[in-house]
Amino acid sequence: MHFFHLYERYKHRINQKLFYTLNQLPFQKSSLLKAMKYSVFSGSKRLRSSLIYSTGDVFKVNITTLDVISTAIEFIHSYSLIHDDLPCMDNDNFRRGKISCHVKYGESTSLLAGDALQSLAFNILSNSFMPNVSNLKRIKMISELSYSIGSSGMCMGQNLDLEAEKKDVNLSELEIINLYKTSFLMRSAVRLVYFSSNNFSKSILSILDLFSISIGLAFQIQDDILDFKKDSVKTDNKKIIKKHTYPLIIGLDESRKKIKQLHKKSFLALNSLKKKISIPTY
């Protein structure tokens, strides 16, 4: 099957799981639930879920387990975007062509919606049925995710990003910001699948880390390019000056070259993985 069709299948599947999970919660008519749903279904590409299901195919992880992991990761991702957009953070009024959660539902409700999605993610990972996943594996998965989004991961990335607004930043510093802010959640998504499998090898884990981090950074640069193009046509470019991005620091052409380099890294990682295990061909 062509990967595009597989991607669409994965995207449809996780959207159904997210919809079902949120609809099972109490207080469906509350502004909190409405804000949570609004943010989760605001046009996400579900890239992290696609990586989860694809990695699960490689390591023969039960689809039910992959559903649990994908749901948890997508809720974490949505929570992070809600908080990123808040006036005290990036102060963005739009997200994926729609008004941000805090503009539609207010800051206090948006803050709570992000908090609720984060706690829901861990509740799902803690309590949902995952075939052949022992309690020891489950604890390892929870530990991995909590580490990757806290002060040693995503939250630190956001903090570094906020601090960077006050000074000049070089390419190396920008890569560190995006490593923590974006790539660590991507890495965690792939790691959770591997930790839930019946395999474990430090060498394979290192390959998976290289692959997922490279994909995460490439995705961030592409996002920066798209934002740069959109913001460049606007008369008010204060945000462009305020935020440090790849196009601003190294230019559009070098940013595109950087994406190609990262794609090459990710493919080399997959080739290394092929030498150790059998990988499905799409």
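Placement of Cβ uses the backbone N, Cα and C atoms for every residue, glycine included.
Given the structure is predicted, the values throughout are model-derived calculations rather than measurements.
These come from Swiss-Prot:
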BINDING   K45, R48, H77, R96  isopentenyl diphosphate binding site
BINDING   D84, D90  Mg(2+) 2 binding site
BINDING   D84, D90  Mg(2+) 1 binding site
BINDING   R95, K181, T182, Q220  (2E)-geranyl diphosphate binding site
From binding-site residues D84, D90, R95, Q220, the one whose Cα lies nearest H77 (isopentenyl diphosphate binding site): D84
Other residues, Cβ within 8 Å of R95, K181, T182, Q220 Cβ centroid ((2E)-geranyl diphosphate site): D84, N178, D223
Between R96 (isopentenyl diphosphate binding site) and K181 ((2E)-geranyl diphosphate binding site): CA-CA distance (Å): 18
Extra residues within 8 Å (Cβ to Cβ centroid of K45, R48, H77, R96), isopentenyl diphosphate: S44, R46, L47, E74, L81
Count of other CB atoms lying within 10 Å of the CB belonging to R48 (isopentenyl diphosphate binding site): 24
Binding-site residues compared (K45, H77) - the one with the fewest other Cβ atoms within 10 Å: K45
Lowest local Cβ density among R95, R96, K181, which the record lists as binding-site residues, within 10 Å: R96
Neighbour tally for D84 (Mg(2+) 2 binding site), based on other Cβ positions within 10 Å of its Cβ: 18
